[in-house]
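Chemist: Have a look at the structure that comes next, please.
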Amino acid sequence: NLYQFGGMIQCANKGARSWLSYVNYGCYCGWGGSGTPVDELDRCCQIHDNCYGEAEKKRCGPKMTLYSWECANDVPVCNSKSACEGFVCDCDAAAAKCFAKAPYNKNNIGIGSKTRCQ
């Protein structure tokens with residue numbers, strides 16, 4: 001679920017940046033998304049959005065699905081047994097790892113309503 005996703009983000013970036021820093025970033029980080037991703041981090045969010053879309057097609061409620069995971073050496077590791085839990089956990093873990101590798105550009109905060117995301 002989204003709370004667990006926040007924990008995964010903290011795990012992968014070693015606590016360097018709060019998950020809240022990603023809520024209003026670029027065109028895809030946060031609720032919804034449109035247009036072309038503005039950078040690598042925004043692309044991570046677009047991929048995560050698409051992954052959640054696939055989870056919804058499988059009738060897995062990705063924003064609310066609870067799963068089992070642990071932080072092992074700054075890497076989120078999924079331990080879920082059910083198909084839905086595993087799928088959603090994998091979406092979140094992949095995004096958290098992607099976020100940790102991508103540069104963070106403060107100029108891309110709050111641009112969602114601008115023409116760059118049309």
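Cβ atoms here come from the backbone N, Cα and C positions, even for glycine.
Relevant sequence annotations retrieved from Swiss-Prot are reproduced here:
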ACT_SITE  H48  active site
ACT_SITE  D92  active site
BINDING   Y28, G30, G32, D49  Ca(2+) binding site
DISULFID  C11-C71  disulfide bond
DISULFID  C27-C117  disulfide bond
DISULFID  C29-C45  disulfide bond
DISULFID  C44-C98  disulfide bond
DISULFID  C51-C91  disulfide bond
DISULFID  C60-C84  disulfide bond
DISULFID  C78-C89  disulfide bond
Chemist: Compile a sequence-ordered list of residues in the same chain as C89 (disulfide bond), six or more apart from it, whose Cβ lies below 8 A from its Cβ; state 'none' when nothing qualifies.
Modeler: Q4, Y67, S68, W69, C78, S80
Chemist: Near G30 (Ca(2+) binding site), meaning Cα within 10 Å, which of C44, C45, C71, C84 (disulfide-bonded residues)?
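Modeler: For G30 (Ca(2+) binding site), the disulfide-bonded residues whose Cα atoms are within 10 Å come to C45.
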Chemist: Excluding near sequence neighbours, so keeping only residues 6 or more apart in the same chain, what lies with its CB under 8 A of C44 (disulfide bond)?
Modeler: A95, C98, F99, A102
Chemist: Have a look at the disulfide-bonded residues (C27, C51, C91) and report the one with the fewest Cβ neighbours inside 10 Å.
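Modeler: Each of the disulfide-bonded residues C27, C51, C91 was scored; lowest Cβ tally within 10 Å is C51.
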Chemist: Cβ within 8 Å of the Ca(2+) site centroid (Y28, G30, G32, D49 excluded): which residues?
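Modeler: Residues close to the Ca(2+) site, other than Y28, G30, G32, D49: C27, C29, W31, G33, C45, Q46.
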Chemist: Are there any residues in the same chain, six or more apart in sequence, whose C-beta is under 8 angstroms from the C-beta of C11 (disulfide bond), and if so which?
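Modeler: Spatial neighbours, sequence-distant, of C11 (disulfide bond): C71, D74, V75, P76, A96.
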Chemist: Between C91 (disulfide bond) and G32 (Ca(2+) binding site), how many Å separate their Cα atoms?
Modeler: 16
Chemist: In three-state terms from DSSP, label C29 (disulfide bond) for me.
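Modeler: Where C29 (disulfide bond) sits, the three-state DSSP reduction gives coil.
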